[in-house]
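> Dropping a structure here in structure tokens format, bear with me for questions.
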Amino acid sequence: MEKIEFQQKNKILLKLIITTILLILFIGSVSSIPFLFKQENKITTSIGIIEEPKNVTKSNNVILIIPDGFGVASQTLAREYEGVDFLTLDQIQKGTCHTNSASSPITDSAAAGTALACGLKTYNGRIAIDTNGNPCVTLIEKAMDNSMATGIVVKSRITHATPASFSSHQLDRNQELDIAVQQLNSAFGKIDILFGGGRDMFIPTSLGGKRTDGRNLETEAESKGYTVIHTTNELNQTNLQTPILGLFTSDNYPYVIDRQNLTDFPTLQQTSQKALELLSQKAQEEDINGFFLLIECSLIDYCGHQNDPAAQVRETLQCNQVVKQMMDFIDSDSNENNTLLVVVADHETGGLYLDTSLEEIYKSQLTYVWNPDILKPITKSAYSMTDLVYYNGYSVEDVLSDFAQISNLTQSELDELNAALNSHSFDQLNYALSDVISQRAQVGWTTHGHTGVDVIVYSYGNDSNSFVGSMDNTDIPKKIDQFLQFESLESQKILENSEISFYSSDSPKINDSFHS
């Protein structure tokens, strides 16, 4: 009897164990179907009620802004000049970025642009070409391959090193006439918007340009479906449709400080806003995979090469304004906040430092101050003042008095200016005028070239915290790749393009003595 009772108890226990196992399996299967019982934004499962994630969307727009030659001191200078605690960029600072190239601890804009466009190191001077001489696929090319709208907006020649690194492939950055051809003939399709300077690279010498091959690339662009524009009024047309080639100046833009009442060509704020509107509109109307917009604040670098603090502070403030425009777009974006903004310089230029109290002229008074107010009444760049002296018969005393409000030149300053005049060198006179202004403001420079210091990474919008911390410049495009879910692409498509010739060229090189 006891044996029978023991067997029955074992059977009951076994049934309980089996029932428990089945119940666990059932609970697991129900909980793995989270939308089985749904009410409003809550999900009822066998293990209770949980909140449903809201507004989960694919992130598919990127705005990359490169303030060429921009360093920490440039931002500090602009902030103190404005007399505020924070400018726009200060509010979105995230990390730092290394800038060395494959050939030097100090990069040029070509190698740095390639690092930011392709995610790899290359030699100084190369445009989207790796150290083995092979083309690398850029972010713009990946965007086109992924059916995104694309745009490039700059103040330099559109064929200059940074924009070229995203839109062409050259062993030598000075092959700008060839770069222009490539920008209109990408193997991956049409770049929807090309806004900048450098019209001379697109038209033949017979029309006042620099093309010696007789080609008129503006006419060729129109035959490919581009609308070609040159003025602010043309930019403001209500019926503009992409693709658009906007070449607003023959060479680089003038500095902000030199624009004054010039309105026949648009500002960087205007071209950036128009590009943003057109690319966003195209992405929405054609239901494509968002847009990729590259903006370069090009001339911060030029001012650094010339050691001109009055010109540079205006360029830096303009760049902050453009960043604010992009942030406003993200904040008001109706596409459920699917836009990422990244701002990072390619390198620092000039080695700007604030407080020159240890310089010879100030050795008797170690004040540890500098004076940004000296820069406020200045109405021309040192470059423009040099032009007036060198080509238009002005005296150095007149230009400094009329355009910089400096009339009481010291003997030391006069000696420096006269030595520059006697050198019969435009560059040396430019440097001397910049130096007088810098000394008065008590700011200094370590070089007329680039420096090897890290630069700041700024980011805003969707996934911006991915850019927190210290990183290499090659990490920037890799993070953008991840954000846009880009897959790697082979460069064979580039090599098969008949318009791509980067191994050798008979085209004349465009030498740019200042701006590397």
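Glycine too: its Cβ is placed from the backbone N, Cα and C atoms.
Just so you know, TrEMBL annotations never went through curation; they're auto-generated.
Dumping what TrEMBL says about this protein:
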type: TRANSMEM; residues: 12-37; note: transmembrane segment
type: BINDING; residues: D68, D301, H305, D346, H347, H450; note: Zn(2+) binding site
type: BINDING; residues: D68, H160, T162, E296; note: Mg(2+) binding site
type: ACT_SITE; residues: S109; note: active site, phosphoserine intermediate
> Starting from the Cβ centroid of D68, H160, T162, E296, which together make up the recorded Mg(2+) site, report each further residue of the same chain whose Cβ lies within 8 Å of that point, ordered by sequence.
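What remains near the Cβ centre is I66, S109, G113, V154, S156, A161, P163, S298, D301, D346.
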> How many whole Å apart are the CA atoms of H450 (Zn(2+) binding site) and the residue listed as 'active site, phosphoserine intermediate'?
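That comes out at 9 Å between the alpha carbons.
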> Taking only C-alpha atoms and a 10 A limit, tell me which of D301, H305, H347 are near T162 (Mg(2+) binding site). These are the binding-site residues.
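Those near T162 (Mg(2+) binding site) - Cα within 10 Å - do not exist; the answer is none.
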> What are the sequence-distant neighbours of E296 (Mg(2+) binding site), meaning same chain, six or more residues apart, C-beta distance under 8 angstroms?
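Set apart from E296 (Mg(2+) binding site) by at least 6 residues yet with Cβ under 8 Å, we have I65, I66, P67, D68, I152, V153, V154, K155, S156, T162, P163.
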> Taking just the CA atoms, what is the gap between H347 (Zn(2+) binding site) and the residue listed as 'active site, phosphoserine intermediate' in Å?
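Distance between the two Cα atoms comes out at 8 Å.
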